[in-house]
């Protein structure tokens with residue numbers, strides 16, 4: 001991902017304030033609510049029968065945290081996202097058969113959740129930088145697909 005020094009600084013500064021547990025669960029939960037067809041990848045997560053069930057599901061929250069911890073790794077390696085996400089790309093492609101379009105959807109949901117959490121601090125410039133990052137991460141995760 002090609003970010004200016006200013007964009008990198010904005011992304012890093014905001015990310016330092018992110019509560020990964022809370023934001024991860026909320027982002028994944030919202031993905032499952034807004035795009036219900038993504039639920040098929042989470043059969044083992046138990047009750048996903050309603051928005052309330054999804055948003056309060058401990059497995060959704062735990063996996064959301066895991067996703068954002070991986071995203072944090074990506075932020076530390078913006079110059080090598082494909083390398084950083086190579087194993088996860090392989091797993092999601094070869095074993096889990098996740099549609100790579102879902103990575104873009106989750107990235108966009110994450111941007112919305114960050115905007116919701118940070119309000120005025122999430123300026124248009126910060127949003128633009130995060131859109132570049134989530135697009136880069138989605139691209140890296142889709143890399144192993146043929």
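Keep in mind that glycine also has a Cβ here, set from the backbone N, Cα and C atoms.
Feature annotations, reproduced from Swiss-Prot:
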MOD_RES   1  N-acetylvaline
DOMAIN    2-146  domain 'Globin'
MOD_RES   12  phosphothreonine
MOD_RES   44  phosphoserine
MOD_RES   59  N6-acetyllysine
BINDING   63, 92  heme b binding site
MOD_RES   82  N6-acetyllysine
MOD_RES   93  S-nitrosocysteine
MOD_RES   144  N6-acetyllysine
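All features noted in Swiss-Prot, drawn onto the structure.
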residue : record            : DSSP (3 states)
1       : N-acetylvaline    : coil
12      : phosphothreonine  : helix
44      : phosphoserine     : helix
59      : N6-acetyllysine   : helix
82      : N6-acetyllysine   : helix
93      : S-nitrosocysteine : helix
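For residue 63 (heme b binding site), the number of other Cβ atoms no farther than 10 Å from its own Cβ, over all displayed protein chains, is 17. All protein chains included, the residue listed as 'phosphoserine' registers 6 other Cβ atoms within 10 Å of its own Cβ. Its own atom aside, the Cβ of residue 12 (phosphothreonine) has 14 Cβ atoms within 10 angstroms in the protein chains shown. Summarising the environment of the residue listed as 'N-acetylvaline', the number of other Cβ atoms within 10 Å of its Cβ, over all protein chains shown, is 19. The Cβ of residue 59 (N6-acetyllysine) lies under 8 Å from the Cβ of 42, 44, 45, 46, each of which sits 6+ residues away along the same chain. With respect to residue 93 (S-nitrosocysteine), the closest of these recorded positions in Cα terms is 82, chosen from 1, 63, 82. In this view, residue 93 (S-nitrosocysteine) is surrounded by 17 other Cβ atoms within 10 Å of its Cβ, with every protein chain counted. Recorded residues residue 82 (N6-acetyllysine) and the residue listed as 'N-acetylvaline' have their alpha carbons 10 Å apart, per Cα-Cα distance. Confidence annotation: the domain 'Globin' (2-146) carries a mean pLDDT of 89 in the model. The local packing around residue 82 (N6-acetyllysine), expressed as other Cβ atoms within 10 Å of its Cβ over all shown chains, amounts to 15.
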